[in-house]
Amino acid sequence: MDRPRATRLSKSCILIIVVASVERFAYKGVSSNLVTYLTEVVEMSASSAAKSVGTWSGVNFMLPLLSAILTDSFWDRYSTILASSLLYVVGLIGLTSWALLQAWMPCSSLFLPLYLISVGQGGYNPTLQAFGADQLQMDDDSAYDSEEEKTKVKSQFFRWWYFGICGGSLLGNSIMSYVQDTIGWGLGFAIPSGVMALSVGSFLCGVRLYVYKQSKEHKRPPLESVVQFVKDVISSFIVRNVRLQSRDDDDEEAAVKLELQAKSLNDLSRVKDDGIDPFIRSEEPHPSVAKIIARLLPIWTTMLMFAVIFQQPLTFFTKQGMWMHHRIGNSFVIPPAMLQSTITISIILLIPLYDKMLVPLLRMITREEKGITVLQRIGVGMMMSVLAMFIAMLVESKRLYESRKGRDLKIFWLLPQYAFLGISDVFTMVGMNEFFYSQVPNTMRTIGIALYSSVIGFGSFLGAFLIDILEIVTADAGGKSRGWFSDDPREARLDKYYLFLAILSCISFIMFTYLSRYYNSSTNSVN
């Protein structure tokens, strides 16, 4: 077991970051071009394909919340990673087989391997990141010389973690979309399957390097743990209203932080069995998972529209590119899904610039150690996503004008909207990850990571729901046209759809700004 030294990461941390990067390559190799597969091969309509991809993506981000409760309450992280990775690989192999045998397979059976992948990655992703954080040994004072050293190592881990998954995503987006569009879908799905299997093997090779942390005391059966959790969520809203903290709550907030560091979901279950109300403060209070989530729920809700926008590159941005001229010369075809790499490239370039240039500059202005608070960082990213939607609206309006004139707009017009989403990603996604991770006790770090994932999950479901509603409202009376989401590139009105998302996102941003005032003291004290 390696001891962290200065600001260097241990070998186990580095191995886990590499494994996570490979997983992102496999996942993006499937998900980034899935809407093309559904429309061009399975022959779904654009709106049906967008809803299918959105719902599938939502499940992918929501399942970590359930697996996190089970893992932190009764499973150990290492075993969870192994079991979920097996399901993950089986799902990828099943998808590859379906693509090879597509002519003889019913269309509905395609979703079996896709949702098997969802179940696998639902347990794999949050647990792998929490397991990677375990390697930092934050609870072991002997592993670090000072609190400042701890902070630097933690910050470095999250920075390299995000950098690693961006690198994997970049390769998955660019390489696999080209293979799928130009060579074939069988090979395009087989490569992610093989690479994922190799990454699982690499993870197993590091078994002697890892730090293993998992409390085995007071375990409850998994079903009982989930039922208890649901009861606690309901109780938290019935017994008391959610009280947002004010700037004058510093003393009580400090006490709550100490409580959260000491108690877990299992402690709550044991306390409730003894007849103690966990929501009434006493000399030894026992805050619950439900209470933590209830406190974060208002700010969590305002982030959902960002998550809806976050899904657009996977769905309508890609479809938009399919309607545009995407050839260089007479031979080279640019897969529309490849433009998603613009987001990843923006992230890879901006993260070092943010840390090395923007933070020092902002630090001189704001006197904040991190330049701006975590919630301010999230807010900046939300505004960037709104700008991306306005740009997408303008570009789509121009594409529609050119299409009606019989001309095709070049696909490179889409680059600005992708780039702005990349910028928003640097601010909002990193900020959300750090915010939710810092708001939960040490024993429930997986739940913090899953709360971050659940924003994107619920946002994906919300996006699919909005498509359903808008399709009904904008379709003609005879049902001959799908309204804004017509498959005819000269009739579709994605520009109006993008404007609609921009307006909703502006409203969400205003609500976020208002609620952030009540979370500032909490966030600053944690981070």
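Glycine is treated like the rest: Cβ placed from N, Cα and C.
Here the structure is a predicted model, which means the values were calculated and not measured.
What TrEMBL says about this protein:
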- 53-75: transmembrane segment (TRANSMEM)
- 81-101: transmembrane segment (TRANSMEM)
- 160-179: transmembrane segment (TRANSMEM)
- 185-211: transmembrane segment (TRANSMEM)
- 292-312: transmembrane segment (TRANSMEM)
- 332-354: transmembrane segment (TRANSMEM)
- 374-395: transmembrane segment (TRANSMEM)
- 415-437: transmembrane segment (TRANSMEM)
- 449-467: transmembrane segment (TRANSMEM)
- 497-515: transmembrane segment (TRANSMEM)
Is the transmembrane segment (292-312) in contact with the transmembrane segment (415-437), using at least 3 Cβ pairs under 8 Å (sequence separation of 6 or more) as the test?
yes
Would you kindly list the residues that approach the transmembrane segment (374-395) from elsewhere in its chain, counting only those six or more residues past its ends and only Cβ-Cβ distances under 8 Å?
299, 303, 306, 309-310, 312, 317, 320, 409, 413-414, 416-417, 420-421, 423-432, 434-435, 438, 494-496, 498-499, 501-502, 505-506, 508-509, 512-513, 516, 519-520, 523, 527
Would the transmembrane segment (53-75) count as touching the transmembrane segment (497-515), i.e. at least 3 C-beta pairs under 8 angstroms with sequence separation of 6+?
no
By Cβ distance under 8 Å, which residues at least 6 away from the ends of the transmembrane segment (292-312) in the same chain are close to it?
53-54, 57, 233, 236-237, 242, 244-245, 260, 375, 378, 381-382, 385-386, 388-389, 392, 421, 424-425, 428, 432, 436, 439-441, 444, 447, 451, 454-460, 462-463, 466, 498, 501, 504-505, 507-509, 511-512, 515-516, 519
At an 8 Å Cβ cut-off, counting only pairs 6 or more apart in sequence, do the transmembrane segment (160-179) and the transmembrane segment (332-354) clear the bar of 3 or more pairs?
yes
At a threshold of under 8 Å on Cβ distances, which of 53-75, 81-101, 185-211, 332-354 pairs most often with the transmembrane segment (449-467)?
53-75
Outside the transmembrane segment (332-354), six or more residues from its ends: residues with CB under 8 Å to it:
28, 32-33, 35-36, 159, 162-163, 166-167, 169-170, 173-174, 177-178, 180-182, 313-314, 317-322, 324, 326, 411, 414-415, 418-419, 421-423, 425-426, 430
Cβ-Cβ under 8 Å with the transmembrane segment (185-211): same-chain residues at least 6 beyond its ends:
1-2, 10-12, 15-16, 18-19, 22-23, 25-27, 29-30, 33, 37, 41, 78, 81-82, 85-86, 88-89, 92-93, 95-96, 99-100, 102, 131, 134-135, 137, 172, 176, 179
